[in-house]
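Swiss-Prot has this to say about the protein:
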- SER18, MET102, TYR103, ASN104, PHE105, SER146, ARG147, GLY148, GLY149: FMN binding site (BINDING)
Amino acid sequence: MTTESQSAVKTILHVESSLFGEGGVSSQLSTELVTKLQNKYADVNAKVNTNVKIVKRNLAAEPIPHLDLATITAIGEGKPVIGDTLIQELKDADIVVLGVPMYNFGVPSGLKAWFDHIARAGSTFKYTETGPVGLLENKKVYVVTSRGGYHKDAASDVEVPFLKTFLGFLGLNDVEFIYAEGLNLSGKREQGLADASAKIAALVGEEAA
């Protein structure tokens, strides 16, 4: 995990989950989005941007262990676990940017591990008489998803419904999806990348400063 030390006017949590690390399309496009957001909130009169703090999690470079019995036991005993840090990073963020490739119709296992650690009763959601309630409200989430084929709005896209359900369970309901599709199809890759970049530019333009 790396942190760029800047003032906390806006805190952006950037999570990359591509197995290819920084070389993955979802990583490159999500970085493009973070850079544009950073520039949007930059102080044009300052030599150094003091208006944005970026906290980055590269799950390929620094894998998070999958949730196991030992971790669950430690949580129950009130002992410190890695999820404490991950949850605090999420709570501190004003904006969350997720780079999420589609692997075998689902999310990367590293991202699923991150999800399992941040979903904790009493911290990111709570149980009530009427059902669970998410505790992470008033945060903007951007999901940049890359796919080899075309799945958007099709029955084969089980990834986005899962992401919407999981994020919404935590109270993260203000979610924008950016799609880069057709990346493994002959003659379609460049258009897929261009469409995603255009969507990023449009969304950043709409983001309130």
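Cβ coordinates are placed from backbone N, Cα and C, and glycine is handled just like the others.
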Where TYR103 (FMN binding site) sits in the secondary structure, as DSSP reduces it to three classes: strand
Cβ-based isolation winner (fewest other Cβ atoms within 10 Å) among the binding-site residues TYR103, PHE105: PHE105
Neighbouring C-beta atoms (10 Å sphere around the C-beta of SER18 (FMN binding site)): 24
